[in-house]
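*Asks:* Found this in Swiss-Prot, in case it helps:
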type    : residues              : note
BINDING : 10-17, 57-61, 116-119 : GTP binding site
LIPID   : 181                   : S-geranylgeranyl cysteine
MOD_RES : 181                   : cysteine methyl ester
MOTIF   : 32-40                 : motif 'Effector region'
């Protein structure tokens, strides 16, 4: 079974943990409890293929920056999350993306831009078109709006990253084990 290392990044309070826990455990976490770093594993089926996802839920961008290079280096796919209710969280993502590309030393990194908390439409300050435009600027990066609370597009975030990783590095046929027979 193929393993995928996915990393969820963004400013504090955008709902990174809420999205991750909703995806992995099917629970909405109401209380805000700042994360240092949590790792989750979940087996899923994407396009008929069994996958083991290892999801790293990270601290907000303003905290624990020293750890960031390491998980950017090891991550295969990245969800860059902002809150549609806070413009500053959207603005923070450009630097984060540039850091990922610098650490990975390539422009071709599986990535999805996520506008979270879309259930709070009456508190929206970041328009959907702003997210779409930024995703286009980022080499046609995938874009979704989501809500961990209302379970909108939660699974799609992680499945999309798996599909991007599969397109970038497809699994070839399983290498056959070479067996040798020795007669003594």
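Each Cβ is built from the backbone N, Cα and C atoms, and glycine gets one as well.
So where do these features actually land, and what's packed around them?
*Replies:* Take the CB of residue 16 (GTP binding site) and look out to 10 A: across all protein chains shown you find 27 other CB atoms. Secondary structure at residue 16 (GTP binding site), taken from DSSP and collapsed to helix, strand or coil, is helix.
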*Asks:* Among the binding-site residues 10, 13, whose Cβ has the fewest other Cβ atoms within 10 Å?
*Replies:* 13
*Asks:* I'd like the Cβ neighbour count for residue 118 (GTP binding site), meaning other Cβ atoms within 10 Å of its Cβ, all protein chains included.
*Replies:* 21
*Asks:* In the three-state scheme derived from DSSP, which category covers residue 118 (GTP binding site)?
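*Replies:* Its secondary structure by DSSP: coil.
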